[in-house]
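Participant: Quick one: this structure, given as structure tokens, is what I'll be asking you about.
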Amino acid sequence: MSDDYYQDVLAQVAEHTRPHIGAGTVADYIPQLGGVDPNQFGFAVAAVDGRVYSVGDATTRFSMQSITKVFTLALVMSRRNHNVWTRVHREPSGSAFNSLYQLEFENGIARNPFINPGAIVVTDQLLSNTGDAFGALRDLLRTESGNPELDADPVTAASERDTGDRNRSLAYLMASFGNMRNPVPEVLDHYFRQCSITVSCEELALAGLLLARHGRRADGSDLLSRGEARRIMALMLTCGTYDSAGEFAFRIGLPCKSGVGGGMLAIVPGHYSLAAWGPGLGPKGNSVSAAVALEAFTDITSCSVF
Ligand code: GLN
């Protein structure tokens with residue numbers, strides 16, 4: 001496809017999304033996120049050949065939040081003989097990303113790695129594997145995003161730590177069932193810093209090429225096998241937008257992962273990685289404008305896994 005084609009598609013996506021910019025509510029349960037200007041919107045497309053096209057506030061950095069869960073899982077799954085699936089299931093939860101109740105009657109095993117308890121277990125496992133879960137994630141994202149200075153935002157990380165009782169509850173409940181390997185405060189320190197990593201749409205789209213290229217890194221080496229990348233994308237489709245996963249599959253038809261910073265990563269396997277960002281969230285914690293933009297993109301281009 002020509003550069004003109006992509007610019008035309010992006011102009012249409014932006015046009016379609018414009019009335020929805022500012023819609024929704026900025027996440028304020030993490031106080032630092034509550035101060036973000038809601039009237040921002042960015043969208044970026046990275047093609048598997050490395051070309052990037054974007055529109056709007058696509059170079060403005062935002063809090064990556066739960067989108068990091070895709071990349072910590074990729075790092076854990078890249079280890080041969082990992083046994084992470086004995087510690088977390090692979091079913092949609094149908095409940096909120098920080099819900100406690102399923103954990104109690106499912107013996108401390110979270111429904112999937114993309115809700116908070118599942119992701120905390122994945123971070124725990126990455127910590128056991130590497131000794132520095134946050135550092136391993138940051139290194140991966142630096143190389144794949146092309147930004148060697150990509151990093152956590154210490155103010156957001158502190159804000160999460162100060163208000164993180166729900167995540168502490170989840171982690172200690174899992175620990176009570178014997179499903180934590182490292183001390184909870186240490187795991188959560190890595191988890192909070194992980195969530196606070198800042199990234200732009202252009203950087204996130206580039207990082208997502210790891211999946212669009214079926215597990216191949218920017219340097220041409222393979223982090224994941226094709227089958228592992230496929231399984232991560234299956235989890236994104238079924239679990240990546242929490243209790244809206246059905247709605248997102250219906251509207252967009254791509255593996256997606258959202259974060260409460262308003263970002264959304266979507267993958268067209270073998271073709272594109274898409275990153276959309278708008279800080280206003282719907283009731284289930286997914287960006288309103290990012291969803292509209294991704295739906296417009298898939299409608300205009302007919303790119304979908306279906
Ligand atoms: N840091 C957030 C939390 O733990 C991540 C949640 C999200 O993005 N859905 O609550």
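Glycine residues also receive a Cβ, built from the backbone N, Cα and C atoms like all the rest.
TrEMBL labels come from automatic prediction, so no person has curated them.
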Participant: Need one residue: from Val52, Val55, Val84, Val260, the one TrEMBL lists with Ser66, Asn116, Glu160, Asn167, Tyr191, Tyr242 for substrate.
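Facilitator: The one candidate that TrEMBL places in that substrate site: Val260.
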Participant: With a 10 Å radius around each C-beta, find which of these binding-site residues (Tyr191, Tyr242) has the fewest other C-beta atoms nearby.
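Facilitator: Taking Tyr191, Tyr242 as the binding-site residues, the minimal 10 Å Cβ count falls on Tyr242.
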Participant: For Ser66 (substrate binding site), what is the secondary structure state per DSSP, taken as helix, strand or coil?
Facilitator: helix
